[in-house]
């Protein structure tokens with residue numbers, strides 16, 4: 001057919017004929033060989049570098065961990081001289097206690113960060129929110145609604161006072177208004193049954209220690225208006241607090257009288273409030289010291305109401321006090337009838353004996369002034385700015401803070417404390433990595449196993465008691481993260497808060513509603529079985545717990561984060577962080593309190609006499625050790641080695657178990673890669689991370705407060721005391737014998 005129509009055009013290029021090829025010169029050959037050699041070397045180096053492992057972890061998580069550890073520590077301090085300064089010196093230089101805080105530390109920073117998460121989830125309205133969550137958000141909005149709160153002044157409180165027989169000092173003609181109807185039984189019971197406020201006599205419904213599936217009525221000494229009985233000495237370091245306390249009473253009484261348009265007699269206010277202080281001082285002196293209340297066996301005194309009437313008769317306002325009427329006044333609010341045969345556990349027989357001569361000295365007016373005040377003082381910070389400010393000097397004397405906590409923080413905490421499951425749901429949905437649960441379960445299994453293996457090393461405990469200790473350890477139930485129900489069972493969560501209905505412009509009434517709801521719920525338990533599966537903590541909490549009555553350990557979602565735990569951080573840090581916390585909580589089942597309860601949570605002596613005696617002897621070592629620490633921030637006072645014993649036993653046991661579990665991990669999985677920028681191996685990093693959990697400091701006022709009220713040793717002594725007893729620590733840091741961190745005498749219980 002001839003040429004194709006789509007034929008391509010070809011351009012013909014005439015190329016010249018090549019010249020004759022030239023030979024390479026020696027220089028060119030040499031250079032070519034050199035280039036070839038350099039290329040081979042470069043390729044080899046690249047290949048080697050790509051596969052070379054210098055043993056240092058360079059992941060972003062490792063870099064973050066290393067940066068945190070380096071920032072917090074002071075490497076110029078000798079670790080064997082003062083490990084607190086070595087581990088926390090950098091933290092102390094970089095951090096100042098906020099004006100709103102009584103203390104500040106890594107624990108508090110985690111709590112601050114958790115509060116930010118709570119604020120975000122509580123202030124965000126969502127159309128798909130279930131009713132329980134809607135209620136939590138409404139409660140939060142009512143709490144931050146400062147304009148509504150301020151506009152009401154003290155009116156919500158004034159409306160409430162007649163319900164509790166008024167406050168005599170702020171009432172005209174109190175005797176005429178209330179005197180005829182006032183009885184001690186009714187007045188004390190009203191505060192208790194409606195609002196959960198226990199003054200003079202602390203009656204409550206709780207688990208029966210000796211039969212932990214049942215509830216029983218307990219009678220105990222009351223809490224005080226000041227942090228501890230020591231404050232009522234009102235001299236030296238306690239003088240300012242006593243003065244501020246009485247001034248606080250007078251200020252609030254004055255504000256109420258002003259609002260009620262009543263005449264103000266300053267002398268009369270001072271006279272009556274000083275009388276309240278005098279009465280409370282006597283009550284405080286009648287209470288037992290904490291160190292005398294450490295043995296649950298001695299604390300437990302079960303008797304009938306008839307026996308209480310016989311053993312602890314009281315006379316108030318010239319009339320005999322009826323224990324039966326008093327108890328029925330409280331329990332009738334939840335439709336429970338009590339007879340003289342009702343069993344009651346008395347925790348404070350000595351207090352009730354000492355109470356009798358005190359109460360005969362004071363009039364109904366004096367007693368009601370104290371009782372109403374103790375209720376009012378709790379509510380002042382829920383009123384307008386003027387009322388809040390009346391508390392400033394008192395707050396400063398007790399906590400050293402010069403500013404109030406930010407409203408949103410206080411409100412986030414308040415809602416979390418009252419609706420822990422609704423808030424817990426919001427928190428875990430926003431911030432909790434679910435895979436953490438399985439990793440922590442595995443850690444618990446490892447540390448429980450180490451605890452049981454360690455029993456074999458104990459020479460002070462006989463075989464019979466060891467066997468029972470093992471049974472108890474195996475029976476410990478664990479709770480990790482959060483109860484599944486709070487996320488998966490909408491109906492159950494809604495039903496939990498069914499009776500609660502909040503108004504956004506009535507914060508005070510919402511608080512009262514919560515008090516009534518919570519107290520009613522607790523009183524109703526008297527005729528119910530104990531729910532042993534119930535969680536003893538909400539999810540949005542940076543803490544961990546052990547319940548002796550349930551033999552249960554709890555690790556809420558809030559604590560499962562760095563520095564305690566991360567599935568991505570080095571295992572040495574996890575074992576030194578959450579591993580130590582797990583060991584600590586397990587050991588609580590065997591401390592000076594927990595050891596008295598059996599595997600089912602009942603108060604039963606399961607120890608042979610010899611083992612019990614040896615336990616006390618071993619413990620005494622720690623009582624002396626921690627009791628010899630003096631705290632400069634608390635005016636040089638010594639720690640109370642008896643009151644902090646349980647926590648110190650748990651710290652020491654927990655650290656030892658976690659370290660042994662980490663050694664087992666290394667044997668099984670091999671050494672981990674080192675962290676960048678730190679000239680420390682992983683054994684050393686284990687102890688460093690443990691210590692940095694406790695970096696922090698206190699205001700002097702709060703140090704004075706906590707040394708009397710906190711069952712934990714201050715953070716610096718938790719580090720020093722525990723590590724002084726650890727031979728493994730001294731080995732890891734090569735501490736010479738008898739250096740400060742490596743004393744020859746070491747204490748060990750578990």
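The backbone N, Cα and C atoms fix where each Cβ goes, glycine too.
For the Zn(2+) site, Swiss-Prot lists 584, 588; matching the candidates 528, 534, 647 against that entry yields 647. Matching 16-23, 24-31 against Swiss-Prot, the residues noted as motif 'Stop-transfer sequence' span 16-23. When you go through 6, 337, 390, 520 in Swiss-Prot, the residue listed as phosphoserine is 6.
For the residues 311, 628, the entry in Swiss-Prot flags N-linked glycosylation site at a single position: 628. When Cβ neighbours within 10 Å are tallied across all protein chains shown, the highest count among the recorded positions 103, 651 belongs to 651. Separation of the C-alpha atoms of residue 651 (active site, proton donor) and residue 103 (peptide binding site): 21 Å, rounded to the nearest whole number. For the topological domain 'Cytoplasmic' (2-28), the model gives a mean pLDDT of 45.
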